[in-house]
Amino acid sequence: MTRREDGRLDDELRPLVITRGFTEHPAGSVLIEFGHTKVMCTASVTEGVPRWRKGSGLGWLTAEYAMLPSATHTRSDRESVKGRLSGRTQEISRLIGRSLRACIDLAALGENTIAVDCDVLQADGGTRTAAITGAFVALADAVTYLSAAGKLSDPRPLSCAIAAVSVGVVDGRIRVDLPYEEDARAEVDMNVVATDTGTLVEVQGTGEGATFPRSTLDKLLDAALAACDKLFAAQREALKLPYPGVLPEGPPPPKAFGS
């Protein structure tokens, strides 16, 4: 099989590193690295829910995505300076939130909110898929934190794992985990979000300058799901280690009647 410019096979992921406990304060904090792409993903727990959610007894999960000004070769202005979020930033933020809400029982949170923040430290393609994959690990740690604090009505509110990967057709070949150099010239570009039970959460695909047949779509999905299986294995391996911070002490047990 012909190797790519970075030496990988078509179905090979970039070197993947997941570092838990990257920062101290959030309930979940992860640095995820897909090759040269590096994203910090944090999951913070706050009491209360948005106004439209109050009184429902349900929790909420929201997500925000941003790129540091120097994440790419050319520095870009912060969107806070511009006074508005770009359409791309809003789209990716919503994608991350939708993806993570697909795996969690919000009723188990009570009226608490998990806020996920994904900040791209360095970009070389696949930032949204890296953000989703890392954010799930941060979310899992946040759930551990909430469980220790006695704030979960169900101790296992996560129904599945979530991961995402980019796939595409480059030089007429189906390839996974595209770096920027391949993404910029792909004939077909697709992002796939999946669960470890084999189901799909979201598929975003575009023919860049040409159409493509259904058979190519099927092959792209097969390649993406096979790549996601490797990501799930890496997530499980990372989460085998103990919680990387200090867990809160839960509420004391109720007193016996009459004591």
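Glycine too: its Cβ is placed from the backbone N, Cα and C atoms.
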Further phosphate ligand in Swiss-Prot, beside GLY126, THR127, ARG128, within candidate set ARG84, ARG88, ARG173: ARG88
Distance in Å spanning the most remote Cα pair of ARG88, GLY126, THR127, ARG128, given for phosphate: 13
